[in-house]
Amino acid sequence: MSTAIIGAGVMGETLLSGLVRAGRRVDQLMVGEKRSERARELEERYGVAVVSNREAAAKADTVALVVKPQDMGDVLDEIAPELRPGQLVVSLAAGITTAFIEARVPEGVAVVRVMPNTPALVDEGMAAISPGSHCDEAHLAEVEALMASTGKVLRIPEKQMDAVTAISGSGPAYIFFVVESMIEAGVHLGLPRATATELVVQTLVGSATMLRETGTHPVVLREQVTSPGGTTASALRELEVHKVRAAFLAAMEAARNRSRELAEGS
Ligand SMILES: NC(=O)C1=CN([C@@H]2O[C@H](COP(=O)(O)OP(=O)(O)OC[C@H]3O[C@@H](n4cnc5c(N)ncnc54)[C@H](OP(=O)(O)O)[C@@H]3O)[C@@H](O)[C@H]2O)C=CC1
Ligand SMILES: O=C(O)[C@@H]1CCC=N1
């Protein structure tokens, strides 16, 4: 089964590299990319064939669309004449609905929507997938296998996609923002930057591993760290005073709303 990736930016390359790491034969992969310099870079790095979008759509069994949501309409108009019943179109774009895609491709082309995230680059991705209306179990299982090569996969109803985008799609950026903030705070407290970075990164990895391996509720894990009258309680009080919890809620609502706007084409 051949797979084409149209749009080889950050997420397109993440998907491509995951497929290569998972042992997909490079001669079964192809890339459509607008920027010729970027296309050459990927050709050299992976030995993958870079072709026109139309050729990719004509030749591949599965066509993964990884362009910006704002470019999706143009790309679909370009490739639609090449698509045929039985092919599978997988969209990784935020906001873009399966109905939007189905309205622009020939009848009988199956569509699956995916919301991946960048930790897929280290095989720790979280991808949510939703079927379009002409998609059967085999199509969904195929996309599940495609995304499982880079991490976990969850099937969700499409109506949850905007919220999922706000959590796991954009989520790595929130975590990196917190990490960056903690490192800066460490430097402010007088630690060398390298020391602060090592402390923060290992604390993050250790905490994430505890969450995953113990399955214990985060509130319980937080309470275990919070000694009565101790340092953690003092720190957590400041986070509450500065409304960090409310800030996360507002941030994720904003991301969810932006995903809805992208669906409207703005
Ligand atoms: N980055 C992330 O963490 C995540 C991204 N996504 C989704 O993935 C998609 C891509 O995002 P991202 O990789 O960050 O964006 P990028 O801008 O890095 O990648 C998109 C690539 O597609 C190229 N492109 C634009 N138009 C065309 C075209 N007509 N034919 C072929 N290539 C084209 C772009 O070129 P140019 O720059 O010249 O326009 C660019 O190289 C988006 O829809 C986004 O919502 C989903 C989850 C996470
Ligand atoms: O910021 C964005 O729009 C994309 C979608 C989720 C993560 N990055």
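Glycine is treated like the rest: Cβ placed from N, Cα and C.
Caution: TrEMBL annotation is automatic and unverified by curators.
Copied over from TrEMBL, here are the features:
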{"type": "BINDING", "residues": "I6, G7, A8, G9, V10, M11", "note": "NADP(+) binding site"}
{"type": "BINDING", "residues": "N53", "note": "NADPH binding site"}
{"type": "DOMAIN", "residues": "4-95", "note": "domain 'Pyrroline-5-carboxylate reductase catalytic N-terminal'"}
{"type": "DOMAIN", "residues": "158-262", "note": "domain 'Pyrroline-5-carboxylate reductase dimerisation'"}
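TrEMBL feature annotations superimposed on the structure.
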residue: I6; record: NADP(+) binding site; Cβ contacts under 8 Å, 6 or more apart: G12, V31, G32, E33, N53, A56, A57, V63, A64, L65, V66, V67, V75, I79
residue: G7; record: NADP(+) binding site; Cβ contacts under 8 Å, 6 or more apart: G32, E33, K34, L65, V66, V67, K68, D71, V75
residue: A8; record: NADP(+) binding site; Cβ contacts under 8 Å, 6 or more apart: L16, V31, G32, E33, R38, A39, L42, V66
residue: G9; record: NADP(+) binding site; Cβ contacts under 8 Å, 6 or more apart: R38, V66, V67
residue: V10; record: NADP(+) binding site; Cβ contacts under 8 Å, 6 or more apart: T118
residue: M11; record: NADP(+) binding site; Cβ contacts under 8 Å, 6 or more apart: V66, L92, P116, T118
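Under DSSP, the residue listed as 'NADPH binding site' is assigned to a helix (H, G or I) in the three-state scheme.
DSSP gives I6 (NADP(+) binding site) a strand state. Across the domain 'Pyrroline-5-carboxylate reductase dimerisation' (158-262), DSSP assigns 90 helix, 0 strand, 15 coil. In the three-state DSSP classification, M11 (NADP(+) binding site) falls within a helix. There are 23 other CB atoms within 10 A of the CB of N53 (NADPH binding site), with all protein chains counted. A Cβ within 8 Å of the Cβ centre of I6, G7, A8, G9, V10, M11, the residues given for NADP(+), is found for these other residues of the same chain: I5, G12, E13, L15, E33, V66, V67.
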